[in-house]
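Engineer: This is the structure I want to talk about, given as structure tokens.
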Amino acid sequence: MMRIALFLLTNLAVMVVFGLVLSLTGIQSSSVQGLLIMALLFGFGGSFISLLMSKWMALKSVGGEVIEQPRNERERWLMNTVATQARQAGIAMPQVAIYHAPDINAFATGARRDASLVAVSTGLLQNMSPDEAEAVIAHEISHIANGDMVTMTLIQGVVNTFVIFISRIIAQIAAGFLGGNRDEGEGSNGNPLIYFAVATVLELVFGILASIITMWFSRYREFHADAGSAKLVGREKMIAALQRLKTSYEPQEATSMMAFCINGKSKSLSELFMTHPPLDKRIEALRSGEYLK
């Protein structure tokens, strides 16, 4: 949940900054081919920068502390559990971190399967049984083993490319109609101020709308991560963990930022912008074995 939201926000910010730099420096492509190349470079560039920054951003955002050497029995159990599951999943031992938060949560991130991070909240360790916590950790290990962050990066790169390309095509048309006069030497994109304003606004708007695609993919991969956890530690443990989440403390952020929602209580249109499917749907998918085949 958290890794996807941070990735999308960082990615959108990088993409907009690139667009601002291009417009302010007057680097505006005058041909469709040139614009497409620029969109590809900056679309995928923003995604990969977000991916490379993901571990640092995630740790900074929650104040997480990487465990170098276990200092108590709880940290020792956590390290041993992650090591065992990583070995079962065929990946290198991830870095392990703990962050202070009352809510039950965990996330995994990293640019590569063999250079990843798993972080859990103190709320998870305090409020979940060992079996439930084991299932949540296995869920995050499955995300790493499945390469979900890299796949998300590629999907986001394609989405970014279309957002930049379409936004700037429309901006060129708008600048030409509303203020551009190419005969007076204002450039092939028409009025530069209008071009700059329209392109920036459209990139923001289309970027938010395009997040529907990436959120759908995130929800789809959550089902597979649940199935991966069931294969690693057992279906009943994962179901028990999800049932625990239904009755857990609800973070304040979940009421104002749907990208961070994990409780699955939201309905209707807002589900399009959720990173996770509703918990009841995830439990039903595990019971039916739909993603375990």
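Residue positions begin at 1 at the first shown residue.
Every residue gets a Cβ built from N, Cα and C, even glycine.
What Swiss-Prot shows for this protein is this:
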BINDING   His139, His143, Glu222  Zn(2+) binding site
TOPO_DOM  25-33  topological domain 'Periplasmic'
TOPO_DOM  55-157  topological domain 'Cytoplasmic'
TOPO_DOM  179-192  topological domain 'Periplasmic'
TOPO_DOM  214-293  topological domain 'Cytoplasmic'
TRANSMEM  4-24  transmembrane segment
TRANSMEM  34-54  transmembrane segment
TRANSMEM  158-178  transmembrane segment
TRANSMEM  193-213  transmembrane segment
Engineer: Determine which residues of the same chain, besides His139, His143, Glu222, have their CB within 8 A of the center of the CB atoms at the recorded Zn(2+) site, and list them by sequence.
Structural biologist: Ala108, Glu140, Ser142, Asp148, Arg221, His224, Ala225, Asp226, Gly228, Ser229
Engineer: When DSSP states are folded down to helix, strand and coil, where does His139 (Zn(2+) binding site) land?
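Structural biologist: Its secondary structure by DSSP: helix.
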Engineer: With Cβ-Cβ distance below 8 Å and at least 6 positions apart along the chain, what are the contacts of His139 (Zn(2+) binding site)? List them in sequence order.
Structural biologist: Ala106, Ala225, Asp226, Gly228, Ser229, Met238, Ala241
Engineer: Take the topological domain 'Cytoplasmic' (55-157) and count its residues per DSSP category (helix H/G/I, strand E/B, coil), listing them in that order.
Structural biologist: 57 helix, 21 strand, 25 coil
Engineer: Just how many other Cβ atoms lie inside 10 Å of the Cβ on His143 (Zn(2+) binding site)?
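Structural biologist: Result for His143 (Zn(2+) binding site): 25 neighbouring Cβ atoms inside 10 Å.
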Engineer: What mean pLDDT score does the topological domain 'Cytoplasmic' (55-157) have in the model?
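Structural biologist: Averaged over the topological domain 'Cytoplasmic' (55-157), the predicted model reaches a pLDDT of 93.
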